[in-house]
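Asks: Input: one structure, supplied below.
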């Protein structure tokens, strides 16, 4: 959908740029409405920047930006080369806010220096100059260039003669055809100043066609010159000659501070000259780099001390030549002292000074409202100083100071407001009543606003106030009375006057008795958890209201956020209590009570000392570590006003359950100790340590844990436990043990030594197990008969040595896999999905089974696809479940143990029973007679592939219960008792040797607790309409899952 469908027919249409500018203006207006409440003159937010406009640009517009903040909103004008631009004179000009836009710019008409002039009712300011220049690159002359012919060994200069261009261009040369560029080296050089190609010594390989390629640095446009052929003369070879410098930097090079300077120097000569550089009376800056085989000296970020005389020297075996030139560094003007907006009373003097640094030293000019300031009788300009004697309102406006040298200019702006008004007083100074206490100082303010500054006079009643040692009029006009007394009470009036008018204010002074304060108790010691009440009582003038304010350690107590510990109680008008409940250590300190009246404020302090458990000890340092001890030191804990009685040392390792108290030397660490030794540590375990202090009040918080440190290695001391045998294959001795925890391995390289020997022999066989996590070793020897007894022990070792062995135990070698197959295997069908498989097993002296595996498969399948089920122990039967109904299965049984499987039994077979009937009992009819229900239904007839019906099961339960009761019957009828009141749910299933069949529809029958109800018909099979009243007592429901 196009945007135009959402546009009002009368709404103006904007381009994306116009929309952005429109909303920017709207936003600025809204912001100004809310943020600008003071009027002021223009202040630049953005001044125009110089623009280089590519003549081949896609968007044929130039925008010069200018933005100021001012209130009222300013208007904008633009100047080019100092002359105001008439926007109406050229359709190409437009102004959006302060941005000046030139469409289809032309170098002939539009290049130059531009300035923005912003004006509102307070004055005008002029922006710095911004240069508009045009970037272009012309074409080379199409004239064929004459071939240059030289002797071999002679030097040559190939001229580029670049086309018209702006601004800078980059030169390169093509040899014969593009893009085969001439590579610069000690023999060939391309000057980026002249564009020429210099070959110091021509060789045969230089013969060819040369093309100068220039690239504009702004537009990236490139053009190629016509080729210049270079040929060799045949009248001989050029002999050797001394260097001749063809390219060198100017005699004077000027560069701005911070710029990168590149000085070129290249010479023709045979042999090829070598270029070297030096700085006369100094050193080449260390940051300098030599480029292009030393033909270019590059100095980045030049500073003032890099200035000086530089010399390049060309030298070969035939002689040398040199050139010297001076590098001068200039700096743009930079403000040291700028102007500030100033407000002056009419008639006051103005002195403004602006100062800037720069090289050459800047000169100064002054502007008023964008125009040069003309000195007059009252106006004097001396360099950067502007002085105006006795300013008046005509001097108000925007002033600018320009600091400039030949490399640039900077502008500083400020607004001068000249004030002229009759005296006025702020509303808060009018009709004041001042209440003070005796002997205090009274200051009655009198600060009228007016220009020139008003003169002040005071009266008490109708008499002028006379100044004395006790009564004085201050420089700001206020009246000060020292050591106030009752005689100072009364009405005072202040009168301010200047040439434009006068104004007065009045104030009443009332002198009261001073307020005194009593805070009790002054100093108290408490224990954590106790409570206290501080009482603060004020003795004050009865006519004054009084308020109380409580502080702790100089900060106001927040009664809402202090956890209910503090409560302020005001029982009487002249006293207040501070209740502190369940005091904590943090509540210790100086408590202040400040009594405030309208006349004065007095305060007092009381100190509370709180005794409590110690604070945490300082940093714990591990001074020394051994394999089982650690020497620790710490800084004492704060005793919290109760001496520390003891310290407790705790440790934590990856193997401990949190922090554990460790044994120490000395065993008891008294409160005056700051070090102890932790003992009975495990070797090669990483520990952290902390210290806890205790005093008579209790135990404090623990210190910060020490750094983690590992105890030294030691020979292991803990042998493996629970060494025993495991079942294995024939001829194997399987030895198992419980691995030693890493906590007790005591070092790196931990492993096990397994030692064993046949019972009754002397020598031990030892095997190394290098894994610290190992828990089993298997020794295999084909000559070892089954169940041969061995004496076995398992030891430990690490890099520090061998540790202890476990106690010797007797373990027998593996007995071998079972050798006899189970006998008397029988398979009996139990249901449609279950078959019972039973067997007998002959006891063997060797190869005792751990259990039996039963394999079974369908008649149409191969024995290889048999599924298996295992039993454990001496079980001699298993019931297989999940089988398919009416399917023939085959079975084998074999014994197994850890050594493997014995031979299978002979195969037996059995067929699962047919599935139960799928037909549900139907045509269910019933009759209720008192507390029982008689049921009758049609007999179920099974399908050919279903088992015969053996009888029926009637399931009934009370509604809301899950447990059902069952009545079995051989006939399609039954009587169901309903012993309790409620609704019963009944359903019927046929059953066969294949299990229970499908359930009938459920019926809901309410039990009947009244008299006997009999049917009108003798048989249920022929229920008629006469029994309809009985049918109303029950509701037949659809079949649902039981």
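The backbone N, Cα and C atoms fix where each Cβ goes, glycine too.
From a predicted model like this one, the values you see are computed outputs, not experimental measurements.
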Asks: Between the candidate ranges 902-925, 926-949, 950-973, where does TrEMBL place the region 'Disordered' annotation?
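Replies: In TrEMBL, the region 'Disordered' feature sits at 902-925.
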Asks: Hey, which bits of the same chain come close to the region 'Disordered' (902-925), Cβ under 8 Å, at least six residues off its ends?
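Replies: Same-chain contacts beyond the flanks: 817-823, 825-835, 837, 839, 847, 849, 855, 859, 883-896, 935-938, 940-943, 945-947, 949, 952, 972, 988-1001, 1003, 1020-1021, 1023, 1039.
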Asks: When the domain 'Fibronectin type-III' (616-714) is classified with DSSP, how many of its residues are helical, how many are strand and how many are coil?
Replies: 0 helix, 40 strand, 59 coil
Asks: Please count the residues of the domain 'Ig-like' (243-328) that DSSP assigns to helix (H, G, I), strand (E, B) and coil.
Replies: 3 helix, 53 strand, 30 coil
Asks: The domain 'Ig-like' (514-603) vs the domain 'Fibronectin type-III' (616-714): three or more C-beta pairs under 8 Å (separation of 6 or more)?
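Replies: Counting Cβ pairs under 8 Å (6 or more apart in sequence), the domain 'Ig-like' (514-603) reaches the domain 'Fibronectin type-III' (616-714), since there are 3 or more.
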Asks: Please list, for the region 'Disordered' (902-925), how many residues fall into helix, strand and coil according to DSSP.
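Replies: Output for the region 'Disordered' (902-925) reads 0 helix, 8 strand, 16 coil.
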